[in-house]
Each structure stands twice: as C-alpha cells, then as structure tokens.
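Enquirer: Quick one: the structure is below, and I'll ask about it shortly.
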Amino acid sequence: MKRTFLKLSALVAGVALFAQPALAAAPAADAVGGGTAYILNTLLFLIGGFLVMWMAAGFAMLEAGLVRSKNTSTQCLKNIGLYSIAGLMFWVIGYSIAYPGFAEGSLGLFGIAGFPYAMQGVGEADLDTGYSVASDWFFQMVFCATTASIVSGTVAERVKIVPFFIFVTVLTGIIYPVVVSWEWGAGYLDSVHGFSDFAGSTLVHSTGGWAALMGAIIIGSRAGRYGADGKVNVFPGANIPLATLGTFILWLGWFGFNGASQLAMGTVGDVSDVSKIFVNTNMAAAGGVVVAIILTQILYKKADVTMALNGALAGLVSITAEPLAPSVGQSILIGGIGGAIVVFAVPMLDKFKIDDVVGAIPVHLFAGIWGTMIVPLTNSDATYGGQFVGVALTAVWVSLASAVVWYALKLTIGVRPSEEAEIGGLDHAEIGVEAYPEFARTT
Amino acid sequence: MKRTFLKLSALVAGVALFAQPALAAAPAADAVGGGTAYILNTLLFLIGGFLVMWMAAGFAMLEAGLVRSKNTSTQCLKNIGLYSIAGLMFWVIGYSIAYPGFAEGSLGLFGIAGFPYAMQGVGEADLDTGYSVASDWFFQMVFCATTASIVSGTVAERVKIVPFFIFVTVLTGIIYPVVVSWEWGAGYLDSVHGFSDFAGSTLVHSTGGWAALMGAIIIGSRAGRYGADGKVNVFPGANIPLATLGTFILWLGWFGFNGASQLAMGTVGDVSDVSKIFVNTNMAAAGGVVVAIILTQILYKKADVTMALNGALAGLVSITAEPLAPSVGQSILIGGIGGAIVVFAVPMLDKFKIDDVVGAIPVHLFAGIWGTMIVPLTNSDATYGGQFVGVALTAVWVSLASAVVWYALKLTIGVRPSEEAEIGGLDHAEIGVEAYPEFARTT
Amino acid sequence: MKRTFLKLSALVAGVALFAQPALAAAPAADAVGGGTAYILNTLLFLIGGFLVMWMAAGFAMLEAGLVRSKNTSTQCLKNIGLYSIAGLMFWVIGYSIAYPGFAEGSLGLFGIAGFPYAMQGVGEADLDTGYSVASDWFFQMVFCATTASIVSGTVAERVKIVPFFIFVTVLTGIIYPVVVSWEWGAGYLDSVHGFSDFAGSTLVHSTGGWAALMGAIIIGSRAGRYGADGKVNVFPGANIPLATLGTFILWLGWFGFNGASQLAMGTVGDVSDVSKIFVNTNMAAAGGVVVAIILTQILYKKADVTMALNGALAGLVSITAEPLAPSVGQSILIGGIGGAIVVFAVPMLDKFKIDDVVGAIPVHLFAGIWGTMIVPLTNSDATYGGQFVGVALTAVWVSLASAVVWYALKLTIGVRPSEEAEIGGLDHAEIGVEAYPEFARTT
C-alpha cells in the first residue's frame, strides 16, 4: 500500500495511453483506457473500503463474545464509538499527517498538509492519480479505525468510556497517522530504509498492539485476574458464537484489507495480483487455524476454539506485511507460524501479568512483528535490516506516545472505574443498559 | 436515484461515443466505451443491491436484539417473511406502479405499466438505458423491502403474524410504489414540484415511518407499557450485541443504499460521485453516534448504547436525501443533528403513549423529514417549498392508506393476540419455537 | 459454471477483438476490450468468491443456533476448521482432481493434473482464459468448503472433532473434486450425458447431502433422540436469532454462488445474465420462505421459524442447478416447491430415525435433486435422462465413498464420544470452552 508506487505506475500507463494510436491493433485489444482504469481503481478502493469498514463489526462481535456479560454493552458502545471517532479524527487531521507530501530531501519524520482535509468537490476527479481521492480517503480511514479497534479488546472490562475515547482520539488523529507518514506517506522508513509493509502488519497491527500493550500495563489487570499466589483466574468469554462470527467477519474483511492494498485493478497485472493476494490471505489464515487446533489438541488434549479463532487472525496479520510475493505454500507456512505464536504467547503474557482480554497483543503485535520480519524471505526488495528499523521505530514511537497519553489520563480524569463498579460490571456503571437483562446468570 | 436523469446522461454519453472517431487521441484515453459503461453501471446495481439486501439481516438482528426474548423468534420470522413478501409483491405489481411511464403532461399521481413486471429475457439487454433492467429491478426491490422492515420494529411484540404480513403485502405492493412513482417514477413531485430525495429519506424512510406510526397508534401499546399514573415501564431489549450487529450491518448496507443510488459508475464523474457519497454517508453516521453519546452522557450521566446505535441510524437516514452535495463537514453536521433528534424524540413519543419498540419512528420518520428538509442548504436545485410538499404529500398518503389497512385488519381478523398470548410471548403463541429455550430467565 | 464454455466464448471474443479495426465505429462503442474483459471477469470471481466464503460464517451461525448450547463451541470450531481444511486440501490435490484436463476421447472419470496445484506466479496472467487463474481457484475453493459445511450440520452433537476433520479432509480432497471433474471438469457427465448443473445443486449440495446422510446413518442418532416407543424427542436449537442470521448470510452469499457461476461479466450479455441470476436466486428463496410459512401455518397452526429459514435455503438450493433460464415466475415456483419439500421431508426423516440436526438433508440433498431434475423444463439443452444419470452417479459415488470413510473411522479411532461425554456436551469433552458459560440453564 505505497501511494508513491501507484502514482508512478499511473504515469507509465498514461504515457502508454497517449502513445497508443501509434501501436498496432493487437496489443490495443488488451489495453485498458485511462477512464476505465480510473473507474476500476476507484471501485477497488470502494469495495475494499466497505469490507474493511465491516471489520469494525468483526472486532465488536469478537470482543462482545470474549468479555463477560456484565461488560458486553460497554464493549459494543466502545466499538461503534471508536469507529466514529476514527472517521472524524482522520478527517480533521489524521489524513493530513499521514500524507503530508514530504519535501524532496527532507528526513520525512513529521509533516502536515493542512486541515481539515479538503477532499475534492463532487466530480472534480483527480485524473492524475488514477483514482477518486474520496475513495482513497475512505479506504485509508477504515485502516485508521482498525488500529483503534485492536486496542479496545485488550483493555476491555476495566477502562472507563471517556478516557478510552480520549485515547482513541489521539491514537487515530496523531499516533497512527505519524507511523503511516513514515512509510505509505513516503517518509523516513520508506525513503531512507526501504521498509516494506504491504498492507500494515506493522503500520496498523503492531501500532494497535503497542498502544494496547501500554494500556494493559498502565491501566493494570482486571480485578481478581491474578491471585497473590501467581494463579491466573480464567474469566471465560460470555458468548463464543459471537466471537466466532467476529472472526469470520474479520477474515472476510481482510480480503479488502490486503487485496485492495494493491491500490489498483485497472490493469491485467494489478487484478491478477489482487487475486493472488486473496488466495494467499485466505491460506495464511487457514494455516493459522489448523496449527492452533493441532497444537492445542496436543498440548491440552482439547481443541480450544478461542485459540483457533485467534489462530486465524494471527495468520491474517502475519501475511499482511507481504501477501503478494509468497507462494501459496509459503503463505500457509507464514500464517501457520503466526498461529503457533498465539498458542504460546497467550499463556506467556499471563506470566508477566499482562491482562489482554481477547488476546490482541499476541495476534496483532507479535504476529505483526513476525509477518514484517519475514518479508525479505519472499520479497527481495526488502532487507532484514530495513524491516527491523521499521519495527523498532514503530515500537519506540507508539509505545512512548501511548504511554504518555495513558499516563496523562490516569493522572487527570482517571482511567479505571471504582473496584465496586468494575466488579458490578461496566454496563451497569457506565451504560445503564445490560447486554442480556433476561438471562439468569450462574455467576 | 432519479431514473430520468440517468437516461439523459446515457444519451449524452452515447452521442459522445458515436462522435469519438473524430476526436483527438488524448481525450479518448479517458473515455469509457458504451459496453464497458453498461457493465459498470449494472455492476453498481448488483453490488448496491446485495448490500441493501443485507440490510434485511440488519433489521432482523436490530429488532431481535431489542425485543424481549419471548418475542424474538417471532421477530426473526417476521423479518425473513417480509423480505420475501416484498420481493414477490414488487414483482407482481409494485415495480409497475413505481415506474408507470407517466404520459407527458399528465399529473403523474398514479399509473401502472402492466403486471407482473415482464423482466427482459436472458441476455436481451436494454442497451438504451445503459444498464441491465434486471439489475435495476433487483436494486429497486431491496429498497421496497427496506420500507417494510422499518414497520416491523415499531409494532413488534403485540401484532399477530398474519395481519402483519397482510399489511406488508399492501405496503410493498401499493403504498410504497405509489410514493416512488411521484418522484423516481418522474411523477407529480418530480415534474411539478422539483422535489429532491436522492436515495429516499422521504420515499423509503418516512414512508416506513408513517406506516409504523399509524400501526403503533391503531394497534396500541404493549400490555403493561404505560401505567395509569403516566409511568413508562421500560422493557429492555434481550440481546444488545445482536442489536449492535444489526446496526453495523445497516451501516454497511447503507453504502449500497446511498452509493448505488448514483445509478451509474460508467464514467469518471459518476464513480467519483459514488466515492464522495461513501464518505459523506459514513461521516453522517459517525456524527450521529458521537452526538448521541455526548448527549446521553450529559443528560443521563450514562452513554446509552441503544441511543448510540439509533444515533448512527438517524445520521444515515438524515444524509440519505442528499448524500452527494454536502461537504464532509456539512455531512457530519446533518448526521449529528439526526442523532440529537433521536435522543430527544424517543422519550417524547412515550409522553404521547406511542409505543415504538425499537425507536424506528424517531430514526426513520423524524430524521427522514429533517434530512429531506435540509436538502436545499447544499443542493441549489431543491427548494424548501418543494421539499415541504414532498414531505407533506407522503405524510398524507401513507398515513391515510396505512390507517385504512390497519383499521380494516383490526375490524376483521384482528391485529392483536389475546392479552394472555401477548404476556406469554408471541413465540409461544404464534411460532411454537422459543428463541433461547435453554437459558433460564430472570423475568 | 462450466469452464469449457468460458474458454470458447473467450476465444470468440478474442477473434472479434482482433477483427475490430475493420468494423464500423458504431458497434465498437459497445465492445469491451480484452484487457477490460479480463479485469471484469476476474472481479466477478473475486466478488463471488468473498460472498461464498462468507457462507462459511452462515453455516457456522445456522448450526451454532440450531444445536443445544452444550455443543455450540464445538460447532463453531468445526466450522472454522472445516473451512480451513477445505482450502488446504483443495490446494494440495482437490483442484488438480477437479480440473484434470481430460484427454480427448477419454471416458473422463478420473484424472489428476499434478499437485500441489501450481498457481501461476504473480502477474503471469493467463490471458487465454480471460481471467486470473488465482481468482478462479479462489472461487472454486469456496465451493469445495461449502460442500463440507453441509455435512457438519447433519452430524452435529455426536461426532468427535478428530474423525470429523479426517472425513472433511477426504471429502474436500477427493470425493467432491471427483464429482466436479465429471461435469465442470468436462468429464463423463458433461461430455457423455450432457448433464447440466449451473452452480451445483447436485455437484455441491447433493454431494454434501449424501455425505451427510451416510454420516447420520453410520454414526447413528443422538443419545435419547428416538424413544423405544417411536417417540421423537425434540431437541430445540439454543439460539434462533443466530440461526436466522446464518440464513441471511447464506442468502447473501448465494448471489455470489449462483451469480458468479456465470463465470464472466466482461460482456454486456454476461453481466445481464448475472443480473437475471440475482433476481431468480432471490425470488426462489422468497418462494421457499412463503410456502414454508403457509404450509406450517396450515399444518401446525404455527408459523415455524426454523421451517421458514430452511424454506429459504431449500429455495436457494432448488434454483442453483439452473438460475438463468427460468422466468421469474418459474423461479418462484421452483423455489416454492423446494420449500414444500423441506416441510414434508423433515418429519419423514425422523420416521426413519435418521437424525439430521439442522435439516441439511432435506435442504441440500432433496431440494438439490429436485432442482437438478427440473432443469430441462426451462433449459432445452438438458434432458431428463441426462439429469437422472448425473443425480444417480453422484449418489452412488458419494454414498459409497463416504460410507467407506465413515466406517473406516468408526472401526479405527471411533466417531462417537462416550455416551457420558455426549450427554455432558461436546464443548466440555472436546473443547474445554463453554459457549455461554454465564447463562444459567433450564435443562
């Protein structure tokens, strides 16, 4: 998802088109006109955009299924709220920071293109770019929202609504867009280090993961989660089919996430690449599922369904940094290792008393790093050194910035509800609407 | 969504195409051939159509989540049944009434083009219109079904299945198509008053809203809802995550609802407009959510999740009359005011003892009127007078016709179950299948 | 969905394109260039593919809603697992068996094209076929997964995870691909008998149905399902709104299933056909719903929601063998009869003590046979004799092969959990994760 590449290819296509009358008839039969290519490129953004928008519902269902029923309404509210805030903030300032138009020769660490982002008027299509700018903005916006969705799962069940939404505001307005500017905005990581992250294993998923990790540490674990004797108290999710639905929604949305990150389908080559990405994305997820099932069956003599779901997601995150270059077999392997990471990392986090309610840190952060670091295996344009710089710089910036915001919130308005409110459930304390008011509870 | 406009633009495009050989090579590079434009226009209807079809699932989940569990199976049956009936009726007669081909100079109040609608045979494409007629019929049909979905939520929990389905039959076969004929069918409102309703804030949403309001009044409120002392007894919805899912489904579907109402994407200008509509639609919903959250937080010290969900829907309804002309900022404002309308209107309806189970009247009727009346602010082709006539005429016709049907049903086969059946739940009385048979209930 | 046809039409289109410079300007305005057609054909596979992939979630929700809550997590795991296994197996060997490239004059009963399937490298588009091979593979793969999904519903609640997954491995790797090779792979049924099955009423749905039937017989019924006195004990599904959601998901996905089985939308005629298929598919489902509601209302004085849901699915299966040739009225009739089949067949199966948890055998097998046998009514290329041979050969092969596998599993690792484990629920015995741990149960 590198906007700079697209412009170049559009330019080349434009040259070819103007030269067309001089060509023989035969090649022209396969050529696609500039207007048609513009429409098809835009259509890819629109389809990809609505598929990724749908991932917001996927995160909402996944999290609603994995929290306890006393916090389910809160989780629903947080998810629809964060998606809305992400849209508003990405318009007010986010997009302008993400695509600042760095000057030639600048270091490309921070810039801003004016705000709120002045999208073109109706019909004033930007023909030079080869797609509608509004369609591009829409597609980029839903990625921003995805980053925020990752955080809400980890810190569920013990953060108040208002500080959570304030954190989302900063994350989607500043923290995430800065990371994007370094790479897709043709900044430091792209121009200096040749960092490669096709659809955002690092830019989206690790960013969300670091922000979530800082939240989990600074907010602390849920009341009663870790006993004084080191015992981990399991708080099972209240609704496994909802979590399953959420995972399927995310899997579906990921075809848009990775596929449309090709950024163009107005040529035979581009649409073939999008097709390849669909296959690889699917197979990486399949690999993650199968590995997670086999491992849990071996380790625990049970096929843990939540591990299988997270295995799918880890497979998807793993292939996101490079869904085009690998062969199908390589994709299965990359995704399968992602699934294994989840199976081992989930209990490991509990060892460190890091309380990640839905397993978002293993899925998005650890598998995101894995996917990013393995890119050079299949894409010779990337280097292990360049990939490491991208991972490390994102880690430093997002962790620091997130920690500052979470701490500031903790010291001012406070991030946690009272222990009484937490034990009674956030739905009662913060929302006033129970998720399942009629169902008698065993706990 | 004005079919007359499309034919004109297709004609213009056709002229340009035939003239093409005489043009220089450069402009031709951006031109889209007639066959390609036909395919792309048709594809827009197909994608938009399946997205709006998906809204039927959204209404089903929203309503299944907001009724009490003793009526949930009934609500599921009603929703899949009404979607099916709408399809059948729109084929038998609805489409023929909606697009009667009014004679030049006629008043354009009622016409009929023959029935059942004789869709073209396979492959006999109507090249003059610039799209497949079957794709257009499909897209129009799912709008018809949406109108019926709106009603089912308001009158839930106390109307029997058979009279409900009979009402849906008349609504989708006659009442709604007549309204459509006045505007999108190039009838009275379009030709005489210049009424403007891009994707149906009035034609679809207010029509559904008036039909629902008449139902709520004539059927009466649920047993025990309003105490003799004016007290409103709250009947909380049984499954908030399902309602959340329904809202996300509707939000997703709305990209088809508004975006494909552009009716064409076979030109660079059209697909750019569709993109703009996607952005505005999304941002209006975001505005509605954020305003609803802030207002409920201020008014009730809680962020009411059902208000947030209805805020999203109200934002979407508000922007539907004109999703293209506004700037992004204007769209946020239009949607935000829609969200505010819901927060204030929901308790107001209860003051009048109008029992709207899911809040469909504030969302679809009130926000639909708001969205329609504000069109002239951003679209200079519309006038406040013309908009008022459209709103008022729809109000009179739909209210009268709906009232007649509801009353006729009340006086003949009856609309309500016995009070015993209502208190025991419609699932037991009418369906014989409990929604959640294994979950012990607290009530 | 006959690949042989597509290649022919692509060839014809290619000839027309090369001849294009000699044509007059007017026809050229409607012509679509080869590159554009390639993109549009590929896009159809991608959109159709993600819609059919989404059906995996539909089956998961349908089944999760119709089993008892003690087996819900297991059903979720089985569904995400089978979808993953299907993808892997279709890559390792399935696709190579399905499309073996039968030699001219061979009987076309079994072949294999080399494995794992060597999908083309990135950008090496196969221009001769007129679409990206990766997009085609993706589309074919999700059909393979659908076949496996059908089985999991019938044999739910009493088969262990490991033997189930082994069965899925053989079904998706061998049994199903062999059936496909006979027809879409241009083998025996296609070349010798002129068998016609547009999108798979027999190839997909009956195949899944026969495999499910053999499983139901060999595994046996659920503990306590049939009393010694012939009494059928009803085990109601635990979550009707989830089953409703699943049905809507399947309905939505079916637009991809049938629509994209046109295999091309790069011409005006093809996209018009896809549109017609959308309409017919929708109307057959609507017919199935309405007939099921009316029949259950008459027979049982209740409108059984699960019958309405299965009526929709039976309507969809019925129209799948030929969604293009019928008129709208014929489609409603074909789907309506499918709905009637379900209403009568569900209790009939219980007479034979065949325990089909979700009704998949009536829906997929019986309605699949009905849809296949009625093709000659509307498609004069098909004969009743040819259709019968296709139905019968599929029955013999799939039943025998499935029986062998189920028996082999029964005799070796065993297919059923202990009766104690079954009564306690598979979620406890096999998964270790309860689906709804907090909800107190009445049973």
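Please read every residue number as a count from 1 along the shown chain.
Placed from the backbone N, Cα and C atoms, the Cβ positions cover glycine too.
So TrEMBL lists the following for this protein:
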type     : residues  : note
DOMAIN   : C:45-436  : domain 'Ammonium transporter AmtB-like'
SIGNAL   : C:1-24    : signal peptide
TRANSMEM : C:40-62   : transmembrane segment
TRANSMEM : C:82-102  : transmembrane segment
TRANSMEM : C:137-155 : transmembrane segment
TRANSMEM : C:162-182 : transmembrane segment
TRANSMEM : C:202-220 : transmembrane segment
TRANSMEM : C:232-257 : transmembrane segment
TRANSMEM : C:277-300 : transmembrane segment
TRANSMEM : C:307-325 : transmembrane segment
TRANSMEM : C:331-350 : transmembrane segment
TRANSMEM : C:357-376 : transmembrane segment
TRANSMEM : C:388-409 : transmembrane segment
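Describe the structural context of these features.
Expert: Remote same-chain residues near the transmembrane segment (C:40-62) are listed as 32, 75-76, 79-80, 83, 130-132, 135-136, 138-139, 141-143, 145-146, 149-150, 152-153, 242-243, 245-250, 252-257, 259-266, 271, 274, 309, 358 (criterion: CB distance under 8 Å, separation of at least six residues from the stretch ends).
Sequence-distant contacts of the transmembrane segment (C:162-182) (same chain, six or more residues past either end, CB-CB distance under 8 Å): 78, 81-82, 85-86, 89-90, 92-100, 102, 108-111, 140, 144-145, 147-148, 151-152, 155, 188-190, 195, 202-204, 207, 211, 215, 390, 393-394, 397-398, 401-402, 405-406, 409-410, 413-415.
For the transmembrane segment (C:357-376), same-chain residues at least 6 beyond its ends with a Cβ under 8 Å from one of its own Cβ atoms are 62-63, 66-67, 150-151, 153-157, 196-197, 201-202, 205-206, 208-210, 212-213, 216, 222, 235, 306, 310, 313-315, 317-322, 325, 334, 337-338, 341-342, 345-346, 349, 382-384, 387-388, 390-391.
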Enquirer: Any chance the transmembrane segment (C:388-409) and the transmembrane segment (C:82-102) have 3 or more Cβ pairs under 8 A, given the pairs are 6 or more apart in sequence?
Expert: no
Enquirer: Check the transmembrane segment (C:232-257) against the transmembrane segment (C:82-102) for contact, please; criterion is three or more CB pairs under 8 Å, pairs 6 or more apart in sequence.
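Expert: No, these stretches are not in contact.
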Enquirer: Out of C:82-102, C:137-155, C:202-220, C:277-300, what stretch is closest in contact terms to the transmembrane segment (C:307-325), meaning most Cβ pairs under 8 angstroms?
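Expert: Of the candidates C:82-102, C:137-155, C:202-220, C:277-300, C:277-300 scores highest.
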Enquirer: Of the listed stretches (C:137-155, C:202-220, C:277-300), which one yields the highest count of Cβ-Cβ distances below 8 Å with the transmembrane segment (C:82-102)?
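Expert: Counting Cβ pairs under 8 Å, the winner is C:137-155.
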